[in-house]
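Asker: One structure, as structure tokens, below. Some questions next.
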Amino acid sequence: MRSSWIKPRLGKDNVTQMNFARNGYITEEMDFVAKKENLPSSLIMEEVARGRLIIPANINHLNLEPMSIGIASRCKVNANIGASPNASDINEEVEKLKLAVKYGADTVMDLSTGGVNLDEVRQAIIQESPVPIGTVPVYQALESVHGSIDRLTEDDFLHIIEKHCQQGVDYQTIHAGLLIEHLPKVKGRITGIVSRGGGILAQWMLHHFKQNPLYTRFDDICEIFKKYDCTFSLGDSLRPGCLHDASDDAQLAELKTLGELTRRAWEHNVQVMVEGPGHVPMDQIEFNVRKQMEECSEAPFYVLGPLVTDISPGYDHISSAIGAAMAGWYGTSMLCYVTPKEHLGLPNAEDVREGLIAYKIAAHAADIARHRAGARDRDDELSHARYNFDWNKQFELSLDPERAKQYHDETLPEEIFKKAEFCSMCGPKHCPMNSKISDESLDQLKDKLEECNTSV
């Protein structure tokens with residue numbers, strides 16, 4: 001779809017959506033997004049130019065269907081997939097991708113760390129994906145030197161980052177905000193550093209006693225990104241891994257640096273979103289969102305959860321969806337899903353489904369609470385179908401039609417019950433919607449009550 005759009009841009013020094021927007025040019029991607037979001041193309045261009053909205057769209061990801069992440073657009077959901085040294089199969093990861101897209105993932109991150117050829121699994125995922133693909137390049141940087149921190153050089157990081165860009169990765173988590181002077185602030189935490197990328201860079205800085213190379217070479221990374229229109233997802237290496245550690249000095253020190261880096265990327269006209277926690281008590285979620293907006297000049301916020309309890313292994317998709325709905329309501333632009341396997345193991349296909357649906361609910365609830373135009377239309381349509389006992393329409397409008405039909409059919413599987421004016425909960429005699437009290441009857445009752453001087 002995008003080949004004809006991209007062709008005139010080839011060979012230019014800066015092909016980012018932000019660069020075009022700041023020069024007053026509405027790209028085909030901006031037009032496409034405007035139609036999807038039911039917003040004016042001019043508004044999309046203005047928000048991209050301002051940095052409040054991003055369109056992750058690498059020029060080498062030709063089968064991408066562009067989408068937007070930002071306060072002006074719908075709240076989005078990311079799904080994580082990826083092979084590990086203990087569980088790895090390229091075909092399985094491609095199937096997870098397809099399942100994630102089927103159940104509404106707006107973007108997908110390939111977090112593969114080993115067990116397969118990382119370039120091959122990434123390429124297979126990009127070739128099959130109509131949604132933006134994100135990666136964490138430091139994983140492959142470490143894998144490229146067989147896990148040996150002492151052999152890992154600054155140039156190794158940049159080489160892998162450019163390789164991901166060349167393959168068509170739309171956004172990369174770059175852990176550039178973690179500085180060597182932040183590390184002592186981790187003392188006193190219960191769970192320390194829980195970011196894999198952050199952990200790698202912390203080890204590198206401690207071993208070499210040098211500043212974070214992703215920070216010192218940040219302008220070089222910007223030069224790479226603007227050649228491909230790859231978007232920064234600035235990683236929060238010091239995100240809290242438990243409620244005790246939330247909103248501490250370490251987290252907020254890194255956030256301040258992420259704000260600095262956001263503005264440095266914008267100087268290169270490179271798109272940015274900023275990653276956030278993590279594990280956060282409900283009463284601190286609004287503070288975290290507001291603080292990010294303040295420090296990072298309203299760049300789109302992308303949060304993992306946050307989980308609002310630490311005692312829900314096996315059900316962390318529920319604990320985190322509560323926090324995600326609140327974060328979305330307060331202005332977070334994208335929610336990274338959490339599956340039931342969080343903290344326990346690598347998710348399988350069913351875990352991907354469970355996590356995604358939980359987060360589609362959270363994002364949708366946030367859009368309704370923020371009064372986005374048309375956000376509640378589908379809910380109202382389903383409610384009409386429910387009142388009219390149109391079971392097939394209810395299934396069709398559900399976030400997970402297969403699951404809705406499955407649960408209904410467990411007790412009333414015959415086709416005749418698709419027209420029945422009851423379900424197995426109340427049965428045919430006790431459903432309150434079965435009585436269908438007419439508006440005319442209610443008007444007559446109101447008139448009679450008024451005649452009796454009864455307040456209504």
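From the backbone N, Cα and C atoms, a Cβ is placed for every residue, glycine too.
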Asker: Asn80, Met109, Tyr139, Ser195, Arg196, Gly197, Asp236, Ser237, Leu238, Arg239, Glu275, Tyr302 bind substrate according to Swiss-Prot; which of His61, His175, His317 goes with them?
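Answerer: According to Swiss-Prot, the candidate sharing the substrate site with Asn80, Met109, Tyr139, Ser195, Arg196, Gly197, Asp236, Ser237, Leu238, Arg239, Glu275, Tyr302 is His175.
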Asker: Can you tell me how many other Cβ atoms are located within 10 Å of the Cβ belonging to Gly197 (substrate binding site)?
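Answerer: Result for Gly197 (substrate binding site): 23 neighbouring Cβ atoms inside 10 Å.
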Asker: Would you count the other C-beta atoms found within 10 angstroms of the C-beta of Cys431 ([4Fe-4S] cluster binding site) for me?
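Answerer: Taking all protein chains shown, Cys431 ([4Fe-4S] cluster binding site) has 15 Cβ neighbours within 10 Å.
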Asker: Since the record lists Arg239, His279, His343 as binding-site residues, which of them has the fewest other Cβ atoms within 10 Å of its Cβ?
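Answerer: Among the binding-site residues Arg239, His279, His343, the sparsest Cβ neighbourhood within 10 Å belongs to His343.
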Asker: Can you give the largest Cα to Cα distance in Å, as a whole number, for the residues Asn80, Met109, Tyr139, His175, Ser195, Arg196, Gly197, Asp236, Ser237, Leu238, Arg239, Glu275, Tyr302 that bind substrate in the record?
Answerer: 20
Asker: Do you know which of the binding-site residues Asn80, Ser195, Ser237 has the most other C-beta atoms within 10 angstroms of its C-beta?
Answerer: Ser237
Asker: Of all the binding-site residues here, Tyr139, Tyr302, which one's CB has the most other CB atoms within 10 A?
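Answerer: Checking each of Tyr139, Tyr302, the winner is Tyr302.
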Asker: My understanding is the cutoff is Cβ-Cβ under 8 Å with a sequence separation of 6 or more in the same chain; which residues meet that for Cys426 ([4Fe-4S] cluster binding site)?
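Answerer: Those within reach of Cys426 ([4Fe-4S] cluster binding site), by Cβ under 8 Å and sequence separation of 6 or more, are Pro432.
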